[in-house]
Structures are given as structure tokens and as C-alpha cells.
Amino acid sequence: MENCTEVTKFILLGLTSVPELQIPLFILFTFIYLLTLCGNLGMMLLILMDSCLHTPMYFFLSNLSLVDFGYSSAVTPKVMAGFLRGDKVISYNACAVQMFFFVALATVENYLLASMAYDRYAAVCKPLHYTTTMTASVGACLALGSYVCGFLNASFHIGGIFSLSFCKSNLVHHFFCDVPAVMALSCSDKHTSEVILVFMSSFNIFFVLLVIFISYLFIFITILKMHSAKGHQKALSTCASHFTAVSVFYGTVIFIYLQPSSSHSMDTDKMASVFYAMIIPMLNPVVYSLRNREVQNAFKKVLRRQKFL
């Protein structure tokens, strides 16, 4: 279906139009983005440099850091430019590209979290068979499958949304080209597209949640059968970081995306999207390092090396 007007650009209305808040928000988001950059790239380098971290668990964690950095970078620099220069215009094609990479990488993270849950299940429930269950090739296949699912899902989303007609307005009530905000601008009958996209999003989320739920069900059953307090503590600490990341990630995703557009409050979605697109990528390296002795020890090794240089 062709657009009934030649829409060549969208205008992102941003988080706020209050002039006094533009510079403080620019400073805040620059700080958040720098922490995201340092935290995620630092985690990747740490895993790469320390041979003790060359295991499936940390292979998935390095991919998670890459994805967090990627989808934050798809959004945050444009938001910062809007605060600093008032540059809120985004071309039609740039909007499609931004949405594609954001949806793709967020979906990749979705499947990586499921892969990490399976890895934790194998480590806690079948420790004697862990090295044969989670081989390097199995880890690589799970990671590759996550990327394939992510980019296929994004392709369907972009195809479904940008085949619609845009003739009402080009004012996007958001700070980036998010799916609900752009779809709301369409003057086409978007019921079918919306149902398909909600179905796909629901499938991606609930399939992964089912995998995570089953993995943790077996993990908790195994923990309850353990007789030593040390075993309990080790198993719980192994899973605590991942469980925290899963809870935060899916709580926000379900809140934003699994509602019909008629029930969306754009202002509420904006606040949730800040958390989802910027805060979570910043927090993940912290969550995975605070209670992880192996990461802490690797970091201490790096610091000791720097002292001797």
C-alpha cells in the first residue's frame, strides 16, 4: 500500500519541550550513555582478556553486553542531539533503520536471556555433564539462533509498519522511532498489522519466558534437594544476577508492548522506554558483576597488572 502523502521525515517530540530542562537532561543522558559504553565494552574486554572467563556463561554475557551497547546506541545519541541542538527531525528511512536495529537487538537480548537460563540449568542441575551439555558449539548455535530470531523479527516489524500509510501527522510522540508511537500515526486500517505484531511480540516474549520458567523450576527443585548450606548459597548466587536481569527486562517489555495501541499513554510509555532503552543497558554490567566473584577476581587481576606496568 502506498502512502497517501509523501512522508519524507518524522519529528520526534522528545521527552519534554521545557527549554530549561534540555541542558540538564543532555548532561544526564550523556552520563548514562558513557556508563553504558564503559560498562558493556569493559565487560566484553574483561571476558576476552581473562582465560578463566572463557566459558559458555561468559560467552553469553559478552554477547549480552554487545547487544546492550548496540540497542542503547541506536537510540541515545539521537536523543542527546535533540537536547543539545534541538535536532528532532529524523528522515523516513533513518526512522526505519533506528526501529529495525532497536527491535532486532532487543529481541536478540530476549533470546540470549533464555540461552543463559538454559546454561544455568545445565550448570546447577547437571553439573557433572555440564562440559558435555554446554559445549562451545552449542553455545555458538544458541547465540547465532538468538541473532537470527532477532533480525527476522525486526524485518517483520519494519515490513508491517512501513507498509502502512502515513497521512495524519508526522509528529512522533516519543523520543525515538518506537513501534507503538510510529504505528499510531498511520491513517490506514492497522488492525491486522497490529494483531500480527502483537502476536509475534507475545510469542517471542512468552516462549522465552516459558524456557526461563522451566529452567528455573528445575533449578529451584534441585536447590531444595541440596543438603549443604554452601551448595544452596553457590547455586543461588549463580542464578541471582540472571534472575534480576530477567525480572527487570520483561517487566518493562510487557508493560510497553503487550497492550493495544488504544490503551497506550504515550507519556507513560516514554518513561518506561527510558528505563528499557537506556537504564537497563547501563545496569546489566553492574548486576552481573556485583555478586559474581569470577568477574570481580578478573577485574582485580587487571588492576594488579596495571600497578606493575
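The first residue you see is number 1, and the count goes up from there.
Including glycine, each Cβ sits where the backbone N, Cα and C put it.
Here is what Swiss-Prot records for this protein:
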- 1-23: topological domain 'Extracellular' (TOPO_DOM)
- N3: N-linked glycosylation site (CARBOHYD)
- 24-47: transmembrane segment (TRANSMEM)
- 48-55: topological domain 'Cytoplasmic' (TOPO_DOM)
- 56-77: transmembrane segment (TRANSMEM)
- 78-98: topological domain 'Extracellular' (TOPO_DOM)
- C95-C187: disulfide bond (DISULFID)
- 99-118: transmembrane segment (TRANSMEM)
- 119-137: topological domain 'Cytoplasmic' (TOPO_DOM)
- 138-156: transmembrane segment (TRANSMEM)
- 157-193: topological domain 'Extracellular' (TOPO_DOM)
- 194-217: transmembrane segment (TRANSMEM)
- 218-234: topological domain 'Cytoplasmic' (TOPO_DOM)
- 235-257: transmembrane segment (TRANSMEM)
- 258-270: topological domain 'Extracellular' (TOPO_DOM)
- 271-290: transmembrane segment (TRANSMEM)
- 291-309: topological domain 'Cytoplasmic' (TOPO_DOM)
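Less than 8 angstroms from the CB of C95 (disulfide bond) sit F10, V172, C177, V182, each of them six or more residues away in the same chain.
Each of 56-77, 99-118, 235-257 was scored by its Cβ pairs under 8 Å to the transmembrane segment (138-156), and the highest score goes to 99-118. Each residue of the topological domain 'Cytoplasmic' (48-55) gets a DSSP state, and the totals for helix, strand and coil are 5 helix, 0 strand, 3 coil. Under the criterion of 3 or more C-beta pairs below 8 Å, with sequence separation of 6 or more, the transmembrane segment (56-77) and the transmembrane segment (271-290) qualify as touching. Comparison of 99-118, 235-257, 271-290 by number of C-beta pairs under 8 angstroms to the transmembrane segment (24-47) places 271-290 first.
Residue counts for the topological domain 'Cytoplasmic' (218-234) under DSSP, helix first, then strand, then coil, are 14 helix, 0 strand, 3 coil. Remote same-chain residues near the transmembrane segment (235-257) are listed as 106, 109-110, 113, 116-117, 120, 123-124, 179-180, 198, 201, 205, 209, 212, 216, 219, 222-223, 226, 269, 272-273, 275-276, 280, 283-284, 287-288, 290-292 (criterion: CB distance under 8 Å, separation of at least six residues from the stretch ends). With a cut-off of 8 Å between Cβ atoms, the residues of this chain six or more beyond the transmembrane segment (99-118) that come close are 57, 60-61, 63-64, 67-68, 70-71, 74-75, 139, 142-143, 145-147, 149-151, 153-155, 157-158, 161, 176-179, 182, 204-205, 207-208, 211-212, 215-216, 242, 245-246, 249, 253, 276-277. Secondary structure by DSSP for the topological domain 'Extracellular' (157-193): 13 helix, 2 strand, 22 coil. Secondary structure of the topological domain 'Cytoplasmic' (119-137) per DSSP, as helix, strand and coil residue counts: 16 helix, 0 strand, 3 coil. In the predicted model, the topological domain 'Extracellular' (258-270) shows an average pLDDT of 63.
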